[in-house]
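Marked as active site, proton acceptor by Swiss-Prot: K175, H294. If you look up Swiss-Prot, you'll see N123, T173, K177, R295, H327, S379 marked as substrate binding site, on the strength of sequence analysis. The Mg(2+) binding site annotation in Swiss-Prot covers K201, D203, E204. Here Swiss-Prot flags P3 as N-acetylproline. Taken from Swiss-Prot, the feature N6,N6,N6-trimethyllysine covers K14. Look at Swiss-Prot and you will find K201 tagged as N6-carboxylysine, backed by sequence analysis. Annotation source Swiss-Prot lists site 'Transition state stabilizer' at K334.
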Amino acid sequence: MSPQTETKAGVGFKAGVKDYRLTYYTPEYKTKDTDILAAFRMTPQPGVPAEEAGAAVAAESSTGTWTTVWTDGLTSLDRYKGRCYDIEPVAGEENQYIAYVAYPLDLFEEGSVTNMLTSIVGNVFGFKALRALRLEDLRIPPAYSKTFLGPPHGIQVERDKLNKYGRPLLGCTIKPKLGLSAKNYGRAVYECLRGGLDFTKDDENVNSQPFMRWRDRFLFVAEALFKSQAETGEIKGHYLNATAGTCEEMMKRAVFARELGAPIVMHDYLTGGFTANTSLAFYCRDNGLLLHIHRAMHAVIDRQKNHGIHFRVLAKALRMSGGDHIHAGTVVGKLEGEREVTLGFVDLLRDDYIEKDRSRGIYFTQDWVSMPGVFPVASGGIHVWHMPALTEIFGDDSVLQFGGGTLGHPWGNAPGAVANRVALEACVQARNEGRDLAREGNEIIREASKWSPELAAACEIWKAIKFEFETIDTL
């Protein structure tokens with residue numbers, strides 16, 4: 001044995017596979033205000049103790065590897081390691097636990113959602129000791145959140161820009177999502193905005209395809225914006241999707257939108273990536289553009305109940321990366337969303353301070369300090385009969401987006417927009433008068449339809465439309 005080996009062995013080095021519990025399971029640890037805290041729902045493989053599984057999660061998402069290495073002695077692992085500080089069984093589930101892990105702040109690059117997620121979820125989800133793993137929540141300490149600029153503008157600044165207060169904003173996704181020419185697309189935008197909507201929207205997969213190149217779409221949409229503004233006296237917007245194959249092309253599209261005088265652009269933040277999203281948010285902040293965020297691909301990540309990342313984590317990450325709107329489900333309609341859980345992450349998007357509330361899926365108290373809030377967007381299979389519930393559930397600081405619920409009106413696009421605007425104004429007025437939207441919603445819509453033929457036609461065509469499916473995508 002060489003002298004070097006003898007010296008290293010003499011101070012406790014021992015090669016071989018690690019027992020993670022010895023180093024990374026620390027139930028006596030008191031969390032610090034500066035720690036990033038994570039709640040993982042874990043399902044260990046048969047025969048793997050929960051403590052070993054929780055410690056493995058902490059190790060593999062911080063300083064650990066599968067064996068002891070010589071270079072461990074060149075740093076202070078105790079300073080930099082993640083710690084599994086608590087484990088609790090999940091009620092009603094066999095062999096499933098919530099593991100709480102604390103990460104020291106120095107593990108993360110300032111202002112980088114990309115680095116934060118790469119560290120916490122980048123590798124550990126493929127660990128063989130775990131049958132399934134889901135990141136349920138993160139606590140972002142103010143010491144870290146203050147290194148992010150967050151939304152380009154936020155809720156209050158957007159309302160001031162639009163001069164619209166005291167009600168939810170109304171939007172519409174142009175359909176069919178693919179296949180329209182730029183001129184016909186612009187025509188649909190104009191008709192919807194003229195009818196009373198605040199926004200129209202590119203669908204998430206509208207980029208720059210052969211049937212409609214992005215520059216042509218931007219030009220015809222800008223014409224529709226200015227014409228509808230002149231006729232209605234209201235500020236209008238269309239979410240021009242700047243998402244592209246490269247960051248350089250994305251920025252070129254955003255610059256062109258600003259030069260046209262458009263008030264808002266859009267990005268698919270999960271498929272486009274957090275680095276691209278943060279770069280676009282910086283540009284929007286510096287140049288007075290609002291930024292609408294679509295969550296395309298989110299269900300691939302968040303829909304399984306036992307494996308993946310819960311959307312509340314993706315929502316927090318978006319608030320840090322930057323966006324003024326983000327799609328957040330509906331509770332009603334065709335897209336999945338449980339009411340209390342949905343309202344939990346809606347509050348995490350909008351509010352400055354959110355208390356821990358396990359009944360709503362909020363595992364940690366979150367203090368955003370002064371970071372601006374994000375408008376939650378409700379969309380997907382909604383129509384005028386849903387308006388009372390949406391107004392009551394989401395409140396004023398939200399965007400209610402009706403695609404088929406506008407363009408599917410039997411009289412055309414503009415009457416569809418009129419029907420939605422009348423229904424919204426009726427619900428807001430009824431609420432302000434003290435009426436119960438949850439109990440009297442249908443009656444409020446029927447009363448309004450008596451003096452709005454557009455709303456009456458919408459009520460008739462969608463009176464029997466419901467989306468009632470049980471969630472079956474569980475492990």
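Backbone N, Cα and C define each Cβ position, glycine as well.
Feature annotations (Swiss-Prot) mapped to structure.
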residue	record	contacts (Cβ under 8 Å, 6+ apart)
N123	substrate binding site	E60, S61
T173	substrate binding site	T200, K201, D202, D203, S379, Q401, G403
K175	active site, proton acceptor	D203, G403, G404, L407
K177	substrate binding site	D203, N205, V206
E204	Mg(2+) binding site	N241, T243, D268, H294, A296
R295	substrate binding site	D268, Y269, L270, F311, L314, L318, I326, H327
Max CA-CA distance, Å, over listed substrate-binding residues N123, T173, K177, R295, H327, S379: 36
DSSP-derived class (H/G/I helix, E/B strand, else coil) of N123 (substrate binding site): coil
Cβ-Cβ neighbours of S379 (substrate binding site) (radius 10 Å): 23
K201, D203, E204 excluded, remaining Cβ within 8 Å of their centroid (Mg(2+)): T173, I174, K177, D202, N205, V206, Y239, N241, M266, H294
Assigned conformation of E204 (Mg(2+) binding site) - DSSP reduced to three states: coil
Protein Cβ atoms within 10 Å of K201 (Mg(2+) binding site), excluding its own: 29
Assigned conformation of H294 (active site, proton acceptor) - DSSP reduced to three states: strand
Among H294, H327, the one of these recorded positions whose Cβ has the fewest neighbouring Cβ atoms within 10 Å: H327
Count of other CB atoms lying within 10 Å of the CB belonging to D203 (Mg(2+) binding site): 18
